[in-house]
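S.K.: Copied straight from TrEMBL:
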- 411-438: coiled coil (COILED)
- 503-512: compositional bias 'Polar residues' (COMPBIAS)
- 404-481: domain 'REM-1' (DOMAIN)
- 550-610: domain 'SH3' (DOMAIN)
- 293-315: region 'Disordered' (REGION)
- 333-366: region 'Disordered' (REGION)
- 499-530: region 'Disordered' (REGION)
Amino acid sequence: MSWGIELWDQFDNLEKHTQWGIDILEKYIKFVKERTEIELSYAKQLRNLAKKYQPKKNSKEEEEYRYTACKAFLSTLNEMNDYAGQHEVISENMTSHITVELARYVQELKQERKSYFHDGRKAQQHIEICWKQLESSKRRFERDCKEADRAQQYFEKMDADINVTKADVEKARQQAQVRHQMAEDSRADYSSILQKFNHEQHEYYHTHIPNIFQKIQEMEERRILRIGESMKTYAEVDRQVIPIIGKCLDEIVKAAESIDQKNDSQLVIEAYKSGFEPPGDIEFEDYTQPMKRTVSDNSLSNSRGEGKPELKFGGKSKGKLWPFIKKNKLMSLLTSPHQPPPPPPASALPTAVPNGPQSPKQQKEPLSHRFNEFMTSKPKIHCFRSLKRGLSLKLGAAPEDFSNLPPEQRRKKLQQKVDELNKEIQKEMDQRDAITKMKDVYLKNPQMGDPASLDHKLTEVSQNIDKLRLEAQKFEAWLAEVEGRLPARSDQARRQSGMYEAQNPTTVNNCAQDRESPDGSYTEEQSQESEVKVLATDFDDEFDDEEPLPAIGTCKALYTFEGQNEGTISVVEGETLYVIEEDKGDGWTRIRRNEEEGYVPTSYVEVYLDKNAKGAKTYI
């Protein structure tokens with residue numbers, strides 16, 4: 001089966017067919033190219049979809065992904081990214097192995113086809129030229145033969161006519177001979193050209209055309225084979241990524257199987273557990289008895305006079321606790337935050353409260369009214385910190401020590417804050433070590449830089465470390481209080497914070513606090529005015545009997561500080577003063593100059609504590 005033999009006369013049809021084959025190949029290339037674009041678009045849409053549902057950093061959504069169901073969903077999103085990547089691989093492989101290769105092959109195929117049909121047209125032109133030569137010699141031979149016949153007839157006519165001279169007859173005879181000779185020459189030329197044409201024609205139909213058509217046939221068969229191989233490659237590219245896609249799907253199934261509903265339920269408990277005890281039974285209150293009522297620890301009622309926050313001094317005043325929260329829980333919940341660095345403590349004395357007759361016992365009010373009055377009533381004794389704290393609470397600002405949260409949640413928040421501060425401290429320490437090493441290099445090789453240029457940066461980093469350590473100590477102290485690892489704060493700490501609390505371990509700033517009666521119940525005060533009188537008397541006695549605090553060390557002012565707020569003291573850079581109360585974690589140190597005392601920012605002074613002094617702490 002050969003096109004050169006079977007299709008020797010179908011040159012034009014073969015030219016059309018081969019062009020159609022190239023068009024089919026280009027159509028397939030276009031198909032694969034559009035498929036790669038679809039794969040890329042699909043991969044892009046998958047990635048955008050996965051990105052859309054990824055949790056945003058530092059947002060509430062990120063906290064939700066602690067649950068196993070959310071973790072499984074996050075794994076699904078990550079696997080979708082890998083899944084999209086495999087579709088990108090499909091697009092890349094199809095482009096490199098099919099589209100690019102076939103495009104190059106099409107160009108080569110067009111050049112090869114062009115050369116073959118150019119040779120075929122050249123052979124056709126040659127045989128046509130030979131045919132024209134044959135026709136020309138044939139017509140010349142025919143014409144010469146006719147001329148020779150006419151000359152012969154004219155000679156015979158002249159020879160038979162007796163009236164014609166002998167010279168005319170001789171001339172006609174010579175003319176006839178010339179014509180016969182020309183006819184013979186034309187005949188010989190025609191015969192030669194005919195033989196040559198037959199030879200060329202034989203070569204054309206039996207050698208040249210078959211060879212050319214055979215090459216065209218082979219070219220076309222290679223094209224067909226190449227498009228078949230491309231189709232196999234097309235399938236193989238898809239098949240190669242199937243295992244990886246299957247692995248992605250297996251990982252999604254694995255993530256789904258890892259969902260633990262019990263663990264998620266436990267996480268809900270950890271996230272929202274308040275640490276409070278459920279309220280106990282409400283004791284019966286007998287209104288028929290004229291005697292003073294005794295209210296249990298979980299009573300749902302309170303008196304009007306005890307609804308207002310108050311401070312306990314010497315255990316003389318008694319109030320009611322919020323009935324749904326146990327005593328120690330309430331103290332931790334309502335403890336006000338210490339905002340770092342706080343303004344210096346104010347030393348203002350409490351406003352005088354007129355002594356009046358004992359107020360009569362008030363009627364019981366609903367629980368919600370009592371609690372609203374309890375939370376919104378103004379305290380009887382103020383300090384600068386309590387005023388600032390009250391303002392923050394009214395403005396909705398969250399306390400720094402998270403005292404607005406339940407104990408369990410507060411502990412978690414404090415622990416998180418401590419961890420963050422420790423990370424920042426480590427980061428600053430690494431930076432300090434790097435600067436120190438650089439300074440050592442400068443000292444050994446002065447040409448590389450001036451070591452003194454790093455002193456300011458080193459001092460700044462050291463100050464940052466000190467500040468962060470103070471912050472960490474403050475939060476660790478709060479954390480220890482929540483976890484029950486620290487005793488109640490001392491009188492000195494309460495003085496530094498500007499609040500004087502009761503002698504019991506759990507303290508509450510600016511809120512009502514109860515004392516337990518011998519029988520374990522909580523009793524009410526008879527009058528609001530008597531409580532205020534006792535508070536004012538104890539508060540005055542506290543300050544009247546107070547002796548000057550002993551010095552626990554010295555300090556040197558690093559910077560000049562203008563003490564403009566009440567309770568602060570101005571210092572000049574380089575001045576040496578006595579330390580009478582060290583920083584309690586709020587960023588202020590209490591100092592003395594002669595008889596003048598006040599607070600300065602801890603970062604403004606360099607403290608040298610006497611380890612043998614009372615109240616001095618040792619820092620490692």
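Using N, Cα and C of the backbone, Cβ positions are placed for all residues, glycine too.
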S.K.: Should anything in the same chain at least six residues away from the coiled coil (411-438) have a Cβ under 8 Å from its Cβ atoms, list it; otherwise answer none.
M.R.: 270, 401-402, 405, 449, 454, 457-458, 461-462, 464-465, 468-469, 471-472, 475-476, 478-479, 482-483
S.K.: Quick one: average pLDDT across the coiled coil (411-438), no decimals.
M.R.: 89
S.K.: For the domain 'SH3' (550-610), what are the DSSP-based totals of helix, strand and coil residues?
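M.R.: Tallied per class, the domain 'SH3' (550-610) gives 3 helix, 31 strand, 27 coil.
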